[in-house]
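**Q** Straight from TrEMBL, here's the annotation block:
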ACT_SITE  144  active site, proton acceptor
ACT_SITE  154  active site, proton acceptor
BINDING   14, 20, 21, 41, 63, 64, 91, 161, 190, 191, 192, 193, 194  NAD(+) binding site
BINDING   94  substrate binding site
Ligand SMILES: NC(=O)c1ccc[n+]([C@@H]2O[C@H](COP(=O)([O-])OP(=O)(O)OC[C@H]3O[C@@H](n4cnc5c(N)ncnc54)[C@H](O)[C@@H]3O)[C@@H](O)[C@H]2O)c1
C-alpha cells in the first residue's frame, strides 16, 4: 500500500470480471489509496461487479452507447460523490462476426457499432466527466497495437482503435484549458471476455509471446499500475500520448 492516489476519486469504467483490464486498474489504484467509483453497462454486469466489490461499493450504471445514459451517469456521480480526479475508460465492443476474416466483409452497421462504443464513447464520457473533474485531473483509455498494424481478425476494432488514439490527441488539446490530461495505454494481448470474441485469439497470444523480449506475458495488474501512474500527479507532464504496456511486444 502506498499513498500515490490518496485523496483522489477515480471513476473506473469497464470491470466485468477479475480478468478485465479495468480490474487490474482497480487493484493497482486501491493499493495506492484511491477512492474508486465503478460504472457498469447493465444489470447483468452489475451483478458480476457486486460479486467482486460488494453491493455497497460506489457504482453507477452507464451504457456508453447513449449520450443520455452517459450524462445521467455523471450527474449521478456528481450528486453522490462530488467532483472527481480521474477516469479510466476501459470499454470496447464489436460484433463477433466483425472479428474474423477480412475487413472487406465488414458491414456498415458492424463498423458503426464498433466505432460508436469503442471510440466515440471516449468523447461522450470525457465531455461529461470533465464537467465534474477537478483541475489537474486525468483520463486514460485502453488501446491495442492493431490500431496501426493489420492484426489478423482484429479488423473493425483495429480501425476503431486508430480512431480512439486520434481522439485522445484532439481531446488532449481541447481539455488542456481545464488542466485535464488524457492518454491511452496500448496493452499487450491478454485473455479477457472481450478479447475472447476475436477469432483465433489464442494464436494472437502465441504470436505475441514469440515476439515478446520478456519471458512472461503482460498482466492486467501491470496495465493497471501504468494507469495508476497516469492518474497520479507523477504524470502531469504526459498528455495526448499512447504508452505501450506490453512487455516490449510492439518492438518487433
Ligand atoms: N484484452 C486485450 O488483449 C486487450 C489489449 C489491448 C486493449 N484492450 C482494451 O481494453 C479494454 C477493456 O477490455 P478487456 O479486454 O479488459 O475486456 P472486458 O470484457 O473485461 O471489458 C470490456 C468492458 O467493456 C464494457 N462495455 C462494452 N460495451 C459497453 C457499453 N455499451 N457501455 C458500457 N460498457 C460497455 C463491458 O461491460 C466490459 O466491462 C477495451 O478497450 C479493449 O479493447 C484489451
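Think of each number as a place in line: the chain as shown, counted from 1.
Placed from the backbone N, Cα and C atoms, the Cβ positions cover glycine too.
TrEMBL entries are annotated by machine, without manual review.
For each listed feature, how buried is it and what is near it?
**A** The Cβ of residue 144 (active site, proton acceptor) lies under 8 Å from the Cβ of 151, 154, 157, 158, 161, 186, 187, 189, each of which sits 6+ residues away along the same chain.
Following the DSSP three-state reduction, the secondary structure of residue 154 (active site, proton acceptor) is coil.
According to DSSP, residue 192 (NAD(+) binding site) sits in a coil region rather than a helix or strand.
A coil conformation is recorded for residue 94 (substrate binding site) in the three-state DSSP classification, outside any helix or strand. The 10 Å shell around the Cβ of residue 94 (substrate binding site) contains 25 further Cβ atoms across the protein chains shown.
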**Q** So what sits near residue 63 (NAD(+) binding site) in its own chain, CB-to-CB under 8 Å and at least six residues off in sequence?
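**A** For residue 63 (NAD(+) binding site), the qualifying residues are 41, 42, 69.
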**Q** Within 10 angstroms of the C-beta of residue 190 (NAD(+) binding site), what count of other C-beta atoms is obtained when all protein chains are considered?
**A** 22
**Q** Which of the binding-site residues listed here (14, 21, 190, 192) have a Cα atom within 10 Å of the Cα of residue 94 (substrate binding site)?
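**A** Taking 14, 21, 190, 192 one by one, none has a Cα falling within 10 Å of residue 94 (substrate binding site).
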**Q** For residue 14 (NAD(+) binding site), just count the other CB atoms lying within 10 A of its CB, please.
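**A** That number is 25.
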**Q** Where does residue 21 (NAD(+) binding site) sit in DSSP terms: helix, strand, or coil?
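**A** In the DSSP reduction, residue 21 (NAD(+) binding site) maps to helix.
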